[in-house]
Amino acid sequence: MLIRVQVTTKLKRWTLSHDKLLFSSLTTIVDSDYSSSSRHQCRSLYHSQTTPITTTHHRRLPPKLHLTNRSRLDYQHILKTFIARRAIQPGRQLHAHLCLIGLGNDTILCGKLVDLYCSCNHVSNAHLLFDRISKRNVFLWNVLIREYAWNGPYNAAISLYYEMIDNGVFPNNYTFTYVLKACSNLSAIDVGRNVHDHMVRTGWEMDVFVGASLINMYAKCGNVSNARQVFDKILQRDVVIWNSMLAAYAQNNHPKDCLVLCSEMASKMVRPIVATLVTTISAAAAMAALPQGRELHGYSWRQGFYFQDKVKTALVDMYAKSGYVKVARNLFNQLSEKRIASWNVMITGYAMHGHATEALNLFEKMTCEANPDHITFVGVLSACNHGGLLEKGREYFESMIHNYKIQPTVQHYSCIVDLIGHYGRLDEAYNMIKNMSVGPDAGVWGALLHSCKFHGNIELGELALEKLTELEPDEPGNYVIMSNIYAQVGRYSGVEKLRELMTKRELKKDVACSWIEVNNKVNAFLSGDTSHPMSDEIDAELKRVEKLMSEAGYVPNTTPVFHDVDDDEKMGMVCRHSERLAIVFGLISTPPHSRLLITKNLRVCEDCHVAIKFISRITKREIVCRDLNRYHHFKDGVCSCGDYW
């Protein structure tokens, strides 16, 4: 009996001291929630009278905030305040107080407490509390599923979803939105389809927010056709649904479909938001589709987005990728606030066009206004690489590590290895790869292999190919580059060996494709293509230009062509490369002296690079060629790359 009295007395003392601690910790939170900037005041939750609080060394809790006489609604409001402020310590104390007064199992209050623990990154506590609650409503399940869907582990969100169904709780639109996000993060398309079926059975498929999440899930899993099917079924579409489908196309390399859908959206008189324009302008940039990009530029201005810097930054990127760097710079200068992303886009734009001096000058200006990040230095090192600035490249690489404390990634190493290798310092490039702080990827070894091709180094080329074969055994381009190295030095046995290896592995050389847009229509060409409706006219113009080139001193380089092909056939194969056909089509389809923009899916070959210089001088045209690696501006027989690419 004595022991029970002592324990009871201790418990009462603990309760009193705990309540005092709770009240004192609550004072600051509640006071600040109801304070004005000029004086500290506290207003009762359900009374209009305001009681001034005197700021002294020992601050006392106003009597009206005493929690022992409060209702569940009062506690809900206080917990909402804690959630908004992520106040975990007073939240824990309030949790203990609720347990002592018999509200520890209240479903609504427990839901708020679970939400508080999740918002403060105390997920284990949230889950422990969740497991102790006998009656769990859909809100309670959603809080925990949302936390796992956003911050992981994502599988836990999916497991909770199925557990929720097993417990007989019907999911709502929030549940589906959260679990689909978890599926997206895991690229778990089979689970996503199962959730989709459940949505159909429960009638949530047509909900715009659930529909947007479903489109995003299919898009993240690479299934654009299913995403479009969901989109087509939703008849009442708001801008969120349209944006989800636009992003689905853009993320999965369907820029043309993205632009077509944007036109459809405009025709339906759906007003765009910033995300709409950024997505579609980026799609135009990916295609270097200047006419559509200009149209979107005007459309965004007419819709009142002139002062939106995010839209302007997307336009900077679009104009740079379409070959209009000066226009891009003018837009960049108009930005009211230059964020890091804006600086990066402009620096990278200069770099990809080989304007190294402009890129580096802009970087120096940036350092006075913003802190560069790892993307900035990818652009800076790329500028040094494309400009052949070896010492500058080394200097910036070291500065990035030591001055800016940025650890180099594989992208940084790819740039610097390519730069060192192009200068013929292949052993130094190889040693850098061996001493990398991160594991080299295919981009790094590919940079070394390209440098070996440039300098005809078989030994290091074979080593780079061996590493590339381990990383990407089914990439035919690597074998083709090594084959060209063998051909350059006349080792045709190596060429034959690689051809046999590619045949054995059922690998085919990537098909070269080039395209040019004329009168808002994209015209694509393959090497040796005769399928174009104007094929006869293209052939006639090609022969005329070839004759003029020959008279000017052009001699085709047929070294990379297979050695078992006769000379005339070699000449025909080289002279009908896809980029030449696209250029010749542009010559006969556009006004004299107008600028041509050609895009190619692979690197421009050495012989075509020489040929285009001749064509630019003979036809008095500026020809911009965007290949897999960079932009080449040909004018008056000279390329902006300085024959260094």
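Cβ coordinates come from backbone N, Cα and C, glycine included.
Here is what TrEMBL says about this protein:
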DOMAIN    553-645  domain 'DYW'
REPEAT    137-171  repeat 'PPR'
REPEAT    238-272  repeat 'PPR'
REPEAT    339-369  repeat 'PPR'
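Long-range Cβ contacts of the repeat 'PPR' (137-171) within its own chain (Cβ-Cβ under 8 Å, at least 6 residues beyond either end) map to 107, 110-111, 114-115, 118, 121, 123, 126-127, 130, 178-179, 181-183, 185-186, 188, 191, 195, 198, 202, 204. Sequence-remote contacts of a segment are chain residues at least 6 beyond its ends whose Cβ falls under 8 Å from one of its Cβ atoms, and for the repeat 'PPR' (339-369) they are 309, 312-313, 316-317, 320-321, 323, 325, 328-329, 332, 375-376, 378-380, 382-384, 386-389, 392, 630-633, 640-642.
Per-residue pLDDT, averaged across the repeat 'PPR' (238-272), gives 95. For the repeat 'PPR' (238-272), DSSP puts the residue distribution at 26 helix, 0 strand, 9 coil.
Here the domain 'DYW' (553-645) has, by DSSP, the following mix of helix, strand and coil residues: 35 helix, 16 strand, 42 coil.
For the repeat 'PPR' (137-171), DSSP puts the residue distribution at 27 helix, 0 strand, 8 coil. Note on the repeat 'PPR' (339-369): DSSP counts are 24 helix, 0 strand, 7 coil.
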